Amino acid sequence: DFLCVSLVNGFTQLRYNLGDKTVILQTLQKVHANGNTWHSLNAGRVGNEGYLDLDGLNVTQKASPGMNALDTHTDFFVGGVSSLNLVNPMAIENEPAGFTGCIREIVINDRELKLTVTDPKGGANIGDCDGTDCGYTVCKNNGTCQVENSGFSCSCPREWTGTTCEQSIHCSQNMCGSHALCIPQPSSFSYTCVCALGWTGKYCDNKIKFYIAKFVGNSYIKYTDPFYGKRDLQYSRLSLNFTTNQTEGLIAWMGKSENEDNDFLAIGLANGTLKVVINLGEKISVPLMHSKYFTCSVGRWHFITVVQNQTCIKVYLDEELILFEDIDPQRKYTALNYGGICYFGGFEIGRKVNTVTTGLFQKEFIGKIKDVVLFQDSKKIQLMKAEGYNIYDGNSGN
């Protein structure tokens, strides 16, 4: 299998093979080969239907029956390959040759690659394309970069300030403490302080301890499992107590959540019922819904445990087995490779639950969580020692 974007006789080509036939798409227009015109290129496939867009002109290939998964277990190469012998003869029209020119802003499956000296795994014969201190992303938030004798300067749009336009004008005089993030509120020409775990108050300068974590809708906890390397990932288990009066919300997400290929186990509420979703591989997520309407009465604690025994999933609610399903009798994928990461209540600031979970869950959690246990550990997770923001002490004001 392969997917290859190349230049052929001045046209851009996308070629891919998912295991049965090679699909070829070519742009309608040639590129400007004058060395000073930037082009925007979008290329990819959904299943076995391909698309290729050069500067807004789109070419698509309608799907026909056949394979629809790209199975490549190689590195991702940009501009050339370590050996031209590696290139499949069907991946390019002529003899393969390395690219001469400039490339910037590569985004794969919604993740931007950092084209720096240190980030890629390897490379050769690469130089700085811009040749100045400006580069293409030095000035943030649509700021304009000017080369100066001493380096560069940014002229910023009205709402932004700072040497690289990185700071909102609403946060430029903020009083948030050192354990806080300043979040601009342009509509009211002000800001709010979002407090790191263990801190509270208007300016996040009051220290707190908690054993019950209270989530208010823009809160999250990210816990890194120190025992991940020793876990048997074919037999995972997550249990916790929670209380809420909402009908929607993501309670817990075991998994890195960096891209759609990551395995995960998720617990949440959807339409007032309990929803558990698990993905052991190949983006095949299996949602399990509790059939009864789930009454989220205020102040009532619920105890939930999800057990994954290879492809068999059991869900217990308040000590009662409510779901039991074998999500893949073929046993193709049997391990939950969650990367040692667990999120509670939501994801990092700016990452919306409905976007990250691709609509599996609609909102961040509002409520309380306590007594979180991973696998068969004898001790509960110390939520206080994780990373997170906007978490309140759930003991006070029950």
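Each residue, glycine too, has its Cβ placed from N, Cα and C.
Source: prediction; values computed, not measured.
Among Cys165, Cys171, Cys193, the one TrEMBL lists as the disulfide partner of Cys176 is Cys193.
Considering only the disulfide-bonded residues Cys102, Cys129, Cys165, no residue lies within 10 A of Cys176 (disulfide bond) on a C-alpha to C-alpha basis. Confidence over the domain 'EGF-like' (130-166), given as mean pLDDT on the 0 to 100 scale, stands at 86. The closest partner of Cys165 (disulfide bond) among the disulfide-bonded residues, by CA position, is Cys193; the full candidate set was Cys193, Cys195, Cys204. Around the Cβ of Cys102 (disulfide bond), the same chain contributes Trp38, Cys129, each under 8 angstroms and 6 or more positions distant in sequence.
Taking the Cα atom of each, Cys156 (disulfide bond) and Cys204 (disulfide bond) are about 29 angstrom apart.
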